[in-house]
Structures are given as C-alpha cells and as structure tokens.
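Quick look at what Swiss-Prot annotates:
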- H588, H592, C691, H695: Zn(2+) binding site (BINDING)
Amino acid sequence: MQTHEIRKRFLDHFVKAGHTEVPSASVILDDPNLLFVNAGMVQFVPFFLGQCTPPYATATSIQKCIRTPDIDDVGITTRHNTFFQMAGNFSFGDYFKRGAIELAWALLTNSFADGGYGLDPERLWATVYLDDDEAAGLWQEIAGLPPERIQRRGMADNYWSMGIPGPCGPSSEIYYDRGPEFGPEGGPIVNEDRYLEVWNLVFMQNERGEGTTKEDYEIRGPLPRKNIDTGMGVERIALVLQGVHNVYEIDLLRPVIDLVATRAPRPYDPENEDTNHADNVRYRIIADHSRTAAILIGDGVSPVNDGRGYVLRRLLRRIIRSAKLLGIDSPIVGDLMATVCNAMGRAYPGLVTDFDRINRIAVAEETAFNRTLTSGSKLFDDVVGATVASGSTVVAGLDAFTLHDTYGFPIELTLEMAAEAGLTVDEKGFHELMLQQRQRAKVDAAARKQAHVDLTAYRELVDAGPTEFTGFDELTTEARILGIFVEGKRVPVVAHAVRGQAGITNRVELVLDRTPLYAESGGQIADAGTISGIGAGASSRAAVTDVQKIAKTLHVHRVNLESGEFVEGDTVVAVVDPGWRRGAAQGHSGTHIVHAALRQVLGPNAVQAGSLNRPGYLRFDFNWQGSLTGEQRTQIEEVTNEAVQADFEVHTFTEKLDTAKAMGAIALFGEAYPDEVRVVEMGGPFSLELCGGTHVHNTAQIGPVTILGESSIGSGVRRVEAYVGLDSFRHLAKERALMAGLASSLQVPSEEVHARVATLVERLKAAEKELERARQANVQAAATKAAAGAEWIGNVRVVVQRMSGPIAPDDLRFLVGDIRGKLGSDPAVVALIAVTSDGPTATVPYAVAANPAAQDLGIRANDLVEQLAMVVDGRGGGKADLAQGSGKDPTGIDAALDTVRAQIAQVG
C-alpha cells in the first residue's frame, strides 16, 4: 500500500466518524520555546489548555513534524528520523479512552475492502501506563487482547508530554509484531525492533510544569476537560504495510537512496550491514536529511548560524559531507531536492510549486559549504596527524576552536570527523574557548558603548534594585540622584566647571531612582531630554545624550553638563524631549506595522532577526532567502500604509507569557522572557507582539511610511529600511521635486519620464556601439598604415612612432601586437608612444612588441620599455614578446623613440 493511500484511508476513516479534517500546520510556530512542531497536537494546544473554544469537537490531521535531538543517531539506527508525518485524531472534551481505542483498533484491523489497513489482530500488542487499569480493561473488552499482550510501563514510556510546560497524560501504545526474524519474543518491553510501535493514544487529562527529563516534572493539575490526542507515524505504518525492513525502504525514502546509488561508486547494501555499515549510514543520512531540509526550506527557514536556520544548515552540511565520503565529488543537492519534492509533492504540493526557491537555497548552501570543506579539511587532517603522532586520542579544544573560528567548521562536524578517525574531541576545552570569545565580544561591545567604563563601579546601585521607568505614563518625572559617575568613577558631586579642566573629557553619567527617559533596548534608541535641579539647585541643567541599561535594570543617563552642579541625593526633574519621543514612537510602531505587513505578504516565516528605530526612521532585519521582487516591495509598502490609514488603536497590556503566546503574540526566537510580559496590540489580530518599547496611541500617528530599499546583510537575512512621519513626507517631496526637474529637462509629463529615459538609454547604447566600431576601424587603419611605413635598422624591421591624437593604453597594446603580426617572420620590433591629453595631467602610454626572430637576436620588449621609462619619467613591465608602461613627461617622447632605435641598432 503506497503512502498516499495510507494517508487517505486514515483521514477518510476519521472523517466518516464525524471528525473535521484539519490541514497540517507549518513546522514553524510563533513560539520561542518550541524549535519545531514535533507532534501532531501542537496546533491544538490552546484547545487542550482551555484557552479558547475549538470550532469542532473532534478533528483529524496529518501533521508535518521535525525532531532533531537524535540527529546524530539518524542512519546509525533505522528507527530515527528527523522528519516524519504524524497522523492523528483528536477529541476536545468529546470521546475519551473507549472511543480512542475503538477507532484505532477498527482502522488497523478492518479489511482493505472496509477501508482499513487489514493488519492481523494476533500480531498487535498494547502498552498502558502503570496504574491505568481502565485502559487495560478496554483493550481486553474491545480488541480481545489477552492480558499477556498488554504490558505496563512507567512515566518515561507511557506518560506523554511535548517536553515543555503544557498538556500531558497517560498513554497507550500499539505495537506490531514483525516476527521472529527481528528478535526474541516477549513484547515491546523486551525488543522494540521486533515489536514496532505504530500508534500512540494519549489520554490528555493533566497540565505539566517545568522539568528536565521525561519523568522529572510537576503535574500542575487536571485540564478543564478530558481530551484525546493520538499519533500514528505514517512512515512506521508504511514500513509494516509495504513489507520492508525499515523506513528507508518505503516509497518516500527509497527514491533518494536509489538516486545516490547512481552517483556513488559504492552501493547501498543493507543485506550486509556488518561489512557495509559506514556507507549504509551515509546513504540513510542523505535520504533522511534531504526530506527534512526540503520541508524546512519550504516552510520558510533559511540556513543561518543560529536557531532553526542552524539546524537546517547542519542537516545540509551532513548531506554534503556524507555524499563526499561516499565518493561523490560533483554537486548533488539539487538532484536530491528534485527527488524529494517529486516523492512528497502529492502530499505537500507546495514542494512542487515552490521548488525553484527550495532548490536555489539548498544549492547555494552546498556551494558555500564545499568552499568551507576545501579550506578546512587540510587543517583537520594536519590536526589528526599531529594528535596521533603525539600519542593522544583527543583532539585539543584549541584545534577544534580554530577550525570553528577560522574555517567555519561547526563543532558537530569536527566531532563527527574525529570519530571517523578514531578520536574524540576536548569538548569542554572547546566550549571554554567559545565562552571566552563570547565574553570578549560582550566586553568589547560594552566597552564601545560605555567608553571603557569599569562596570563594577555600578555594582552597589545594581544590587539596590532597578530604576523605576515612568516613561509609559509621563514625560516629566521628579527623581532623586542615586549616583554620579565621571570617567567611570563614582563621585559625590559634579559641576559644570569640569568641562574646562585639563584631562577631563566631560563624560558624566547620572543614575536616578526614577526616570521617564527610555534606555536603548529592543531596537529603539534612547530618549533625548534634560535633567534639571529644583529649588536651590534650579540653576543646574544637563542635556541627556544617551541612556543605557546596566545589568538590564539600571538606567544610566549620559549627559553634557550645561550649568550648575549636581550632588548625590539631590532631587531633580528628568524631562523627555517630546518631539524626540514622538519620532521614536513613530519609528517603533512603524516597525511593528512593517513586520506585520511582511508576514502578510511573504508568510509567517519572515521571522524578525533584528531592528533599529529612531525618530523618523526604521530598519527591520528578517530571515528570508533571496531578494524581494518589486511587486513584493510594493505590496509590503501598501499593506503598511493601509494599516496606518486604518487608524488602528494601539493597546498595551501585561500578560502571563504562556497566555500571551496562546493569544498569538509574536516573540523573538531564542529571547528569554519573564513570566509577565508587555504586549503591544495594533488593530486586533493585525499586529500582536511582545515589546517593551514606546509607541503611538493609534497607527494614524505614525504618518506615511516610505520603504527606501531592501538588501542582504548576510546569508539568509534581509534588511528593509524606511522613513516614517515627517521624514517620509520630506523624502517624498524631494523625490517629487526630482521627478519634476527630470520631466522639465526631458520635456515630457512626469508619467512619461521612465519611458523617455529608457529610450534615451537605448539610443546612448547604440551610439556607444557605433563609436566603438569607429574606434576599432581607426585602430585597424592605424596599424595598417604603421606597418606599411616600417623601416629597417640593420637586419630588423622596425616601427617606432609617436601616435597622433590621444589613444588608450589598451588600444596601444593591441596595436603593437597587430603591427608585429603584419611584419612577417623577419626580426621585427614595434614601439609606439602616445599622449592621452594636453596639459599638466597628460600621461604618456607606450608599448613594445618583439617577435621570436627579434628575441633570438637578444631584443626583449621589456628591456626596451625600461629604456623608454627612464626618458619619460615612467615605469612599466612585461615579457620579452610584449611589454608596456606609462610616463609623466611628454617632452621626452622624441628622445625616448631615439633611445629605442639606438638600442635596436646595437643588436641589428
């Protein structure tokens, strides 16, 4: 039974039983805690937790899933896959254990004619959680399983969760007995190669908390209602129904192995696993990883150096290296992507329609990694040789670090290659060096930001507690000075006079207990404003030029003292420049709107990679492969400005992190968030993000948004830049004035400028071609004329001339070679000299050519060029047959030509 038929029968079975068919979600979700969708129930989590009401009581789906913790085991065993399809049925407070067992048993054992898989009931086993007597009894009642074919297991095996806080519950697994050729009797607890798990029924009834293992986590309590979540691995059941030994031989994976076999000099030979294990593993790695890579790229992931993109990069690199170890030296990734997309295109049509993009991204990574392998492999071989020669079996951490830092070798690749050489790697030493490098980078960044301040000077204030930020509610705040710092040293008082003192750089910082001034973070630059004294200190004033956070909690105000003095403990007034804040809020809110527009136009996989917001300007970086089309840029700008025009209300509120994510709030992948987060909402579902920045009250306050351009800033990362508000208007006004000027100069209406310029460009190109033809004709004519005027100096035919009119050095070089060819086989020398222009900026290009017969006489073109150079204050070089140079003194041209003649006369 082909896989597409297996999928169809599964969905049909549950649709007939009243379930709603739900399409597979992307393997990427807006959840920073979840690298990839790793289970069929992930898209239904809010329903299980009771956070929202499902639109159906029961559902069925076949979900794309990716699991990468066991990536190093892929291929070594035949049970691990990084990508798989999870067929599932779900009940949200409808049926529970009885219904789940009845439906699963019917599909597995019903005949082909009745829409089932026709499995022999005598070969099916079940496992249940240790104390789940109810499930054990139902298996006996419904399926007629004898007690000896119902085995009990603990939390590690039969209590399911996603591995992170969320729904959980006891499970019951269904196993298929493949027969004695696969191992001894005794059921799943004895041998899971013989007894293959095909279906897992999870009785979702509790909510779990944090934990580090499958058994070590808190059960928070019951869910609002009892639910069912089941998962049947499509590849697993295909293995059984297609009668093959492992998943790599089913109809979805075997075509990839067959392709590789046509390119590799060594075969895939699972019948001789003991003697051919290493090559078989490489075949299986390529087959598995090719599918996963195609799915990831199809769902919008690009190969980069962190997060999901790094997983993709690692998969592609393992494919490429495995192919090389099989003896495949030519590019293969493009063919692999074509084979995978063809095999899986029926289930996932996007792999076919989006093939060009998928292929382009994968092949680009292959090209780049081949360069990495070429440059780093020699060093690795040297490292292995030195390690073995020293009698050690451990590659030094420093060597692994050098491979990573200099040649881009990921540590996983070094570990893999070392293992193949019978060595291990000092991973602890490697990670210590990586940590030191990261710490150096942080220190460098902090030093650049803090102008090399000793950050420990702030420790007492940091320990005292965070600065209270009042800037969301007010722009003016009365505060107390907690600390004053000059040149990184804490002082009790600072006065305006320090500006004039020798050796003082006027770097003054104030730390207050409260402030309305926003500290740079989240891509938004710091507020500008003032800090002033009150009462007796009213004459004291400082302009705030920057605000930075120390230890993420302490606001440090960098100021320029303008008058008076500040004393620790004084009360002051901190004021935000309202125009600056307004502009910064426009930029930050504009960034949210542009982000939402990007996701609407490009899809949810246009994931934020960074941003910068300042008054009137925004910059947004996002993961995307390839440049945007003109149409996409126009759409993004249009959607953005439509949102501005819609005058959406901007709401901010705090919420529990889990609740905010369940609402659909976008969080940055890899970012650490507290339990309570601030959510910024614009237009309801249009834009919902976790954000701690300042914003406008409604989107109309952003003003027009003009996208300036889009560019690449690294592999798989694009950047959009835009003006907002008044700056956007000014930019548009400038462009309008420019267009009006062009229209006036071209004497056409503005709307015809583009066509008119295109016509002029074509005319210019045609004229340039005509000029080039004329120039070449003139050069040919000059060559013919010069050859006709050749003179004899002794036995040598010579053309030694000053060319009339300016002539380019390249033309001069062509001329001497062409003339030399016209002078026949007798000894011949051609020396031409010219002047590029009149006046003090003139240069004197020259070129000399000597044919083989002249060289036999000892005449060398490069020697003659050296003689020319000395006379016209120049330099040059070349070979015996052709040389050229350039001088600065046109007055020496005649003398230079005489010098050439004299040199030839001495030989000829």
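Glycine is treated like the rest: Cβ placed from N, Cα and C.
Spatially close to C691 (Zn(2+) binding site) yet at least six residues away along the chain are G522, H588, H592, R678, V679, V680, judged by Cβ distances under 8 angstroms. Shown in sequence order, A585, H588, S589, H592, V650, T652, V680 are the residues of the chain, 6+ apart in sequence, with a C-beta less than 8 angstroms from the C-beta of H695 (Zn(2+) binding site). Using the Cβ center of H588, H592, C691, H695 for Zn(2+), the list of other same-chain residues with Cβ within 8 Å runs, in sequence order, Q524, A585, S589, T591, N613, V650, V680, E689, G693, T694. Secondary structure at H695 (Zn(2+) binding site), taken from DSSP and collapsed to helix, strand or coil, is coil.
Cβ neighbour count for H592 (Zn(2+) binding site): 28 (other Cβ atoms within 10 Å of its Cβ, all protein chains included).
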